[in-house]
């Protein structure tokens with residue numbers, strides 16, 4: 001009886017958690033809908049409406065894609081078979097378990113390790129983690145090339161939707177900037193007392209305040225992710241250097257500026273600004289600098305890339321909270 005109550009309570013808490021996880025998304029949607037109403041119907045800035053709607057459509061499109069593009073999970077070949085799972089769980093000696101994972105990983109394109117040099121294994125999903133894959137405690141699954149779990153889209157940002165998330169940030173910045181600059185002239189009129197309507201005064205002040213507030217925070221976040229893309233890093237990799245079979249290497253996936261961008265947005269530059277398609281590859285394995293050097297003797301003779309002071313800089317407070325789940 002008591003067990004039944006505990007199960008019912010646990011199920012109720014999970015249901016409440018799922019409902020509450022949509023609150024940040026609902027807040028953003030309500031703010032955006034109000035901004036649309038205030039800008040289009042209250043202020044009615046006719047000469048600005050065409051460009052405004054173009055930006056609004058791309059903003060809404062990329063936000064939708066960021067929310068509803070499901071995170072991609074590792075395919076079946078990375079999961080332990082039933083027999084291997086039984087052997088692994090029944091084995092009590094850690095060194096034997098470690099060797100079992102090493103033997104299984106030899107058949108897989110896995111080149112990253114834990115800090116101790118062991119094969120990266122998820123004991124909750126029962127799989128050998130592909131490179132750049134991490135377990136998200138919020139989504140309760142392993143996510144390919146996980147960047148972070150974002151409460152504002154109620155989704156895990158990773159291989160399948162990182163392109164859309166970056167586009168969403170870019171169009172959000174553009175959206176806020178456009179509203180702020182076009183409403184500023186009305187703010188001047190308000191300051192001079194040339195706006196007789198009390199309701200118009202409220203919308204002008206609030207539009208300008210909200211647009212500027214979101215613009216500042218979004219510019220910081222977008223700039224940080226642009227830096228990550230330029231180095232071909234995820235948020236998790238920026239805070240925890242990936243470890244390869246040869247040892248830690250913070251530039252292990254850095255292929256050069258242009259190729260790093262192509263790793264996220266693809267080779268077709270015409271689609272870089274449109275939320276269509278996805279990042280190249282299958283999300284399970286990624287080109288590495290060490291492999292490029294071995295295939296190109298000119299690269300092998302170059303001096304190793306050194307990170308600039310950017311790698312040691314203090315990021316704005318709050319960015320580290322984006323990575324809700326680190327290596328387990």
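Including glycine, each Cβ sits where the backbone N, Cα and C put it.
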Correct range for transmembrane segment (source TrEMBL, candidates 168-190, 237-259, 260-282, 283-305): 168-190
The domain 'Palmitoyltransferase DHHC' (120-238), counted residue by residue under DSSP: helix, strand, coil: 68 helix, 16 strand, 35 coil
Cβ-Cβ under 8 Å with the transmembrane segment (20-39): same-chain residues at least 6 beyond its ends: 45, 52, 56, 59-60, 63, 67, 138, 151-154, 179, 183, 203, 206-207, 210-211
